Amino acid sequence: MSDLHKAFAKSKLAKLPPEAPLLSESSSMNHPAESSHDEDSSSVSSTGTVIPSPSRQLFARASQGSSDSSSLSWSDFFAKELFLTRETDTLRIIHHVYLTPPTDSGPLFVMHHGAGSSGLSFATCAEEIRKILPKAGILSLDARDHGRTSVQRTDGGAAELDLSLETLNQDLVYVARKTQAEMGWEELPDLVLVGHSLGGAVITDVAKKGELGNKVLAYAVLDVVEGSAMDALQSMEKYLSTRPSRFPSLTSGVEWHTRSRTIRNRASARVSVPSLLYKEETPSDPAKPWVWRTNLSATKPFWEDWFIGLSRKFLEARGGKLLLLAGTDRLDKELMIGQMQGKYQLQVLPEAGHFIQEDMPAKTAQILVDFYKRNDRSALVLPPKVADMRASAAMQKGAGAGASFSALHGGSSAGHLHKP
């Protein structure tokens, strides 16, 4: 699993002396006038006329203090949250979704996070997308057994953990269709599927199976490929044993993520990390009552299922394809060949860590918006078909011949027969 493999490497950095400075994108994003880096100027200029939201003021305080790890609210980044109830013969599932609806026929970016994360992993990126493309909508879900999505048996017992790729596929399709019904949309907007790590495997599977029909314009996979993900399975359990299992507070959880360089953008960590933890009612260690919502060790039976065949499906599915990586070393052979054949768009942000959308939200947003625009069918002006051009030319030629014939015969279009 790519995210855990990356995090394992980062866990070694956590043991080093004081942390290096966090990525500067958040400060340049929040204080454009103070930025002197040309590499950020394009994203800053694209948002220069947007009125700052309340979250921008909160970010400003964090930048000035440089160590503020207090939590930020989801409502600073999304318009609403939905709780979508789904019942089967044995289960009652309440899917939790963060949503900002599209306007003026704008696209809907459907985001799926990685294992152990939540829908708020895309919070800062979602806000940046809206700055660049105000008509765009964002739907970012909590996968089952993640965030605030819950699964219970109808008889009140504990539900068996099911994070198979097929189940996650069906969950995403259900959330998209149910959101359409809840919002009263006659049809789904044009969709751009975006998945990080495990989420990349899920959205690729949905695109390959055509579950959402031709509404899927394109799909983007963030920092996961089959080869490196499968290789990382060997070190996954070791990584899980090295990270803290408990925290004294939410603030300390945010601090651990930034100091370990798991998330390199403090502003994003402040909104995403609190959703990863919950406070035990009767903690085994009262000094550290905050624990992980998702037991990643328990997901081991599904690890290989998530990523086997990912590269093939990514290349074969219909729609525009984007692979956004933190390093080209992640490409496997199948994807390298596909890239040389021009089958998909490849973007690399080497300055980011595994959580690209959190580390570099403005740059990730710009890449995603540009990707959408390249695949926007409504913006295409197709040339006329050759057959239509020939038919039009023939009609014009025929009209010209008719006019000449009429002139030669006294202007009478009906014609008259004269006896000799």
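Quick reminder: no glycine exception, Cβ is built from N, Cα and C everywhere.
The following features are taken from Swiss-Prot:
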ACT_SITE  SER197  active site
ACT_SITE  ASP223  active site
ACT_SITE  HIS354  active site
COMPBIAS  18-28  compositional bias 'Low complexity'
COMPBIAS  42-51  compositional bias 'Low complexity'
REGION    18-51  region 'Disordered'
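Here the features listed in Swiss-Prot are painted onto the structure.
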residue	record	Cβ neighbours (10 Å)
SER197	active site	30
ASP223	active site	27
HIS354	active site	28
| said: In whole Å, how far does the CA atom of HIS354 (active site) lie from that of ASP223 (active site)? | reply: 6
